[in-house]
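Below: the structure, in structure tokens.
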Amino acid sequence: MAAKKQDSNNKSKKRKQNPDAKTNTNSSFSKRPKLVSSKPENKQEKKPFKPFKKQNFGKLKSQSGEEKNTPLSKRERRLHAKELTEARKKRRKQHYTLEQELARLWEKMRQRNIVKEERSKIIAEAILKMKGKIPEIASSHVSSRVLQTCVKYCTQAERDTVFDELKPHFLTFATNKYAIHLVMKMLDNASKKQLAEFISSLRGHAASLLRHTVGSVVIEHAYQLGNATQKQELLMELYSTELQLFKDLSSMKESRLPDVILKLNLQKGSVLRHMASVIQPILEKGIVDHSIIHRVLIEYLSIAGKTSAAEIIQQLSGPLLVRMIHTRDGSRIGILCVKHGSAKERKKIVKGLKGTVGKTAHFQYGSLVLACIVSTIDDTKLVTKTVIRELQSILKELVLDKNGRRPLLQLLNPNCTRYFSPDEMASLSLSISSLNAMGELEVNSETKSLKDEESRDKDNNGREVTMAKPDGSTSPETLQLIEGGKKDPSIRRQELLVGSGLAEGLIDICIENAEELLRSNFGKEVLYEVATGGSGGILQETLGDKMNTLHEAIASLAAESKFEESDKDHVLENFHSSRTIRKLVMESSMFATTLWKKALKGKCEQWTQGHSSKVTCAFLESSDAKISKLAKEELQPLIDSGILKLPEKKQPANK
């Protein structure tokens with residue numbers, strides 16, 4: 001009996017098969033559903049399913065008083081949905097009705113053509129409605145905007161009221177994506193006392209806020225608005241735990257980290273570990289746009305060892321560096337990465353600049369990094385392909401720009417103090433002392449492949465190159481490594497300037513726009529360097545014919561009649577152009593000869609007054625005896641008669 005029950009159970013568990021399907025004992029059982037025949041026997045055809053269309057019915061009362069369902073119109077459904085949404089928001093938001101009232105007031109107060117007294121009334125009404133509830137509504141994207149407008153236009157008393165309510169919640173709001181804008185507006189309009197209170201409230205939280213994408217913006221804003229003491233207060237807690245805990249230690253005159261360590265007798269290893277714990281999360285998150293972070297990185301590199309400094313350079317080399325070079329300290333970090341980075345890291349830096357070279361060249365500090373790149377990196381093919389090509393596409397724009405011309409001038413006349421301020425020269429000569437020692441060992445093993453010491457210490461004009469050395473024991477060989485590896489600087493210049501076609505393009509720009517460049521405050525410098533052939537006459541050998549064409553173009557402008565009616569003054573009487581032509585006469589004998597023969601010979605008497613007299617006198621002041629002899633016969637009678645006066649040579653102050 002048990003066996004029979006088991007057999008019956010097994011049969012019931014078996015899957016029921018379609019009786020119409022053909023049995024195939026050899027084929028394995030398939031779980032796929034079988035297709036039903038197109039003409040099933042004894043089965044009714046099924047009609048396709050049509051989903052039931054829902055209709056909204058509203059209850060309306062008829063004349064007899066009975067309720068009946070009628071469909072709502074589209075407009076009625078929309079209004080009903082809006083009412084439901086409003087009801088949901090009222091339940092979810094505590095101050096929803098207040099926010100709606102504030103939004104209506106905001107639309108009035110933010111108009112540009114509103115009367116000042118009317119705006120003040122609306123703002124006073126809005127602040128009165130918000131009083132006591134400001135911390136609760138400040139995080140809303142609507143009421144936060146209302147508060148910003150109120151803080152911008154309200155009276156100082158009303159602003160103080162808002163500040164007092166927000167004061168205990170500043171740290172919370174500093175990390176909120178809506179309230180942060182209100183905090184920054186409060187800082188912009190804060191009094192000195194309020195700003196000091198806010199910066200004091202950040203004490204102990206600067207490091208954690210810098211790691212926060214939103215909070216770092218608040219720290220940077222406070223850092224920019226603070227005075228030197230307040231900036232130092234924010235920086236100190238990033239240096240050491242002791243400086244974070246004890247406020248008295250951070251109030252000191254020393255601003256550089258090595259001086260702080262020396263004065264307070266701090267342990268250098270402890271400081272490095274604390275700074276590394278602060279810096280690493282920031283770099284990993286890519287929050288590198290702020291100047292306070294750039295300052296911390298510069299201070300860290302000033303005391304870091306070889307390994308630590310090399311790791312920071314490796315992390316920064318690439319696209320991250322492009323976001324840093326818009327500040328003074330950020331550009332210095334960029335220069336250090338270019339100087340001390342390996343060939344692979346330098347390649348990443350140059351490739352990271354792709355597409356942004358033109359924009360970077362227009363920045364005051366970004367142009368310094370480009371100047372360092374063209375005078376440092378030995379891979380001239382990569383620099384030409386990425387940097388020079390982008391510069392060539394906007395060449396005229398760069399020539400006339402104060403900052404854009406710097407990479408060009410660095411190639412034409414490297415490290416010239418006429419074009420770089422002392423602070424900029426100091427930035428270009430920066431180096432990391434811990435990596436210099438490593439570089440010195442590498443160079444000492446390759447001294448045979450380097451040039452003589454005299455050729456390294458002087459540029460093509462024979463002038464000594466003065467570079468700030470981080471250590472008094474740094475050798476000339478180390479200095480050469482810092483300046484750009486093993487390739488001869490003159491060969492690098494030749495490849496980037498002449499070999500790339502940049503010099504030819506520059507001469508063409510100068511020929512086509514000679515008059516505009518001569519009158520320009522910045523373009524005249526590029527024109528002067530190109531017309532003289534660059535430092536060491538680098539353009540003279542291969543582009544001598546084009547330079548002669550440029551000299552002819554300038555001389556043609558000078559040969560124009562003085563008495564022609566024109567809105568512009570003559571190039572020999574213009575302030576900028578007359579001084580540029582005078583310098584060219586004294587520096588280039590070829591140009592002086594062309595100018596004399598084409599423009600001044602037999603006409604000097606009409607150019608003896610004003611700015612033009614400096615040009616005529618330059619022929620007699622020229623160091624080339626042939627030039628002075630060429631003009632002396634005509635100019636000497638003018639000097640004797642008192643028509644032309646030679647400028648008095650300036651004597652040293654001690655004499």
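Every residue, even glycine, has its Cβ placed from backbone N, Cα and C.
Where the annotation comes from TrEMBL, it is an automatic prediction and has not been curated.
Over in TrEMBL, the protein carries these features:
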type: COMPBIAS; residues: 1-10; note: compositional bias 'Basic and acidic residues'
type: COMPBIAS; residues: 20-30; note: compositional bias 'Polar residues'
type: COMPBIAS; residues: 448-462; note: compositional bias 'Basic and acidic residues'
type: DOMAIN; residues: 101-458; note: domain 'PUM-HD'
type: REGION; residues: 1-80; note: region 'Disordered'
type: REGION; residues: 443-478; note: region 'Disordered'
type: REPEAT; residues: 129-164; note: repeat 'Pumilio'
type: REPEAT; residues: 165-200; note: repeat 'Pumilio'
type: REPEAT; residues: 201-237; note: repeat 'Pumilio'
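Secondary structure counts, DSSP: the repeat 'Pumilio' (129-164) has 26 helix, 0 strand, 10 coil.
Applying DSSP to the repeat 'Pumilio' (165-200) sorts its residues as follows: 28 helix, 0 strand, 8 coil. Using DSSP to sort the residues of the repeat 'Pumilio' (201-237) gives these counts of helix, strand and coil: 27 helix, 0 strand, 10 coil. Mean pLDDT for the repeat 'Pumilio' (165-200) in this predicted model: 91.
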